[in-house]
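According to TrEMBL, the protein carries these features:
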| type | residues | note |
| --- | --- | --- |
| TRANSMEM | 66-88 | transmembrane segment |
| TRANSMEM | 108-132 | transmembrane segment |
| TRANSMEM | 144-167 | transmembrane segment |
| TRANSMEM | 271-294 | transmembrane segment |
| TRANSMEM | 330-349 | transmembrane segment |
| TRANSMEM | 361-384 | transmembrane segment |
| TRANSMEM | 404-428 | transmembrane segment |
| TRANSMEM | 479-498 | transmembrane segment |
| TRANSMEM | 510-530 | transmembrane segment |
Amino acid sequence: MNDTGENESVPPAYQMELFNHDTNRSQFVEGPPPASSSRRLPPNISVHTQHKAAGKKVVTNEGDDALATTISALYGKLLVVLGVSLPVTKTLTSKPSITTYDVRYGSFYLRIGVVVFGFCSVIYAVLSFGQYFELKGTPECDNILVAVTPLVRTTFVVGQMIYVFSLHDRFLEVYKHALVARFGIMHMIATNLSEWLYVVVEETKYDIQQHFRNLEERNLIQILNNPNETASGSFSESLELRNSIAFLPDKSSECWRSQIMKNLLRNSSPFLFPCTVEYSLLCTVILAVMWRTACNSFESPRTRKQSGVNVIYARSISQFSVDCASAYKGLIAGLLVTLISTISLILFFELVRQPKYAKLAVFQVNVWEAFVLGTSIAVVILCYMKMRTIGQRREHRDLELEHILLFVTQFGVFLYTSFHIIGAYFMMNAANNRWDVMRIVTPVSALVQSICQTLLVLDAWRRGCSTPEQVERKPGRQMVTFLLVANMVMWIVNRLVNNRAESYPEQMEFYGVWAWTIITHMCMPLVVCYRFQSSVCLYEVWKHVYKQTRK
């Protein structure tokens, strides 16, 4: 009887729920619900029913979070598509417009690199802003976007550096369950990717225009020097070159009062444009780790603080010290390579200006680059044999952000060297010159060296000295020092020589001006960033592997 009276006091909705989920009346307990319950249930509601309701709430929250993550990813994809389609449309449109020559976490070492690349991007944006004051004040020429775009780009670069290095933890703690964190970080990722693609489009457009203009100028000089012999052929070729770039819009010279900033930007673009690409790439990977951390809403706080970007920042606040023991020989050898590379670069820039010595300039750079790469392969093998005496660390070590960046940028090395080898092989058969084999040896050496070096970095990352004798001997540290300096040297060579599509006229002749210029500007920023990232990883090996680990 008592049971009947109690059931009559329960609402019908709860009676149906009790009937569906638990038919055992002996499991019901009287009294108020637990204090942790989110809503006050009537008496006699089973604990099983309360847990069921809480489970439904958890499932709902998980579904909402998954939906928010998917929508934010789609939002970022849409921004990237717009970021590449708009500049391509702007480049290919025939409508005349006033355009300007626009821009083209980690360890301590990596953070310094991000700051340097960001600083160079700011410099270029400020120089671009100066173009506005060279425009005429007529309605046809005055364009406020020439001033607004560089200022917005400068604000974004500076604000992103401040956020990445100081405000990220506070941001994720406050908004870790909100949509604004996911959409905000994804918006920044898409902006960096769009800026990268925009740089590639603008740089490719400018290099193609400049290449055809240089050919046209040379043909005109031939006409003036030999008016009777080559006039008709050179004149018709000049007309074809002019028609080849007629659909590419260019700046109208009538809108400029002076061209001081224009010439300054063009001369500095080969050095500052790649900095924008490298800065965008590094920030994209960093923000992607942050976005993944923000999406793991159900991860325990302990795990969240020990994963991803937080590990990097926790490690970066440790005391910075450098022990240069057992590194002097490798450092001296690396400085010697740097010295000879500087001489080779000086010869290149001096000889490439003279048409009859242009091939010799490229050949001597290829020979020296192949020598440095071959030496690095031998040093990598010797270093691996030396470091095999160092034991493996007992604790499990996941891939760090530096290694993720290393894998991403190595894709550019594979792609660029593959195109280089294919083009050089077919052009070697056509030219039938025995010295052209160096155009195949150099990219093959770069490909093999990048594979061996990446394997060495991943293997050394899991090793650590376990005895005082190993700490004192530091096996392989001389080789690691040499590889660190050699990668910086190859970074400079790629930045100054290989970053220019016209440095390899044979590949340009085989693939065509358009195709080879696009290949160069799509792959070389990744190749350059791979060399920098390799030096970052080698520095981490140089600094942390030779410290005694706890048993």
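One-based numbering along the chain as shown.
A Cβ is built for glycine as well, from the same backbone N, Cα and C atoms used for every other residue.
Curation does not apply to TrEMBL; its annotations are automatic.
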Long-range Cβ neighbours of the transmembrane segment (108-132) (under 8 Å; 6 or more residues past either end):
100-102, 144, 146-147, 149-151, 153-154, 157-158, 160-161, 164-165, 261-262, 264-265, 268-269, 271-273, 275-276, 278-279, 282-283, 286, 316, 320, 401-402, 405, 532-533, 535-536, 539-540
Selected stretch (most C-beta pairs under 8 A with the transmembrane segment (330-349)) from 144-167, 271-294, 361-384, 404-428, 479-498:
479-498
Quick check: do the transmembrane segment (404-428) and the transmembrane segment (144-167) share at least 3 Cβ pairs under 8 Å, counting only pairs 6+ apart in sequence?
no
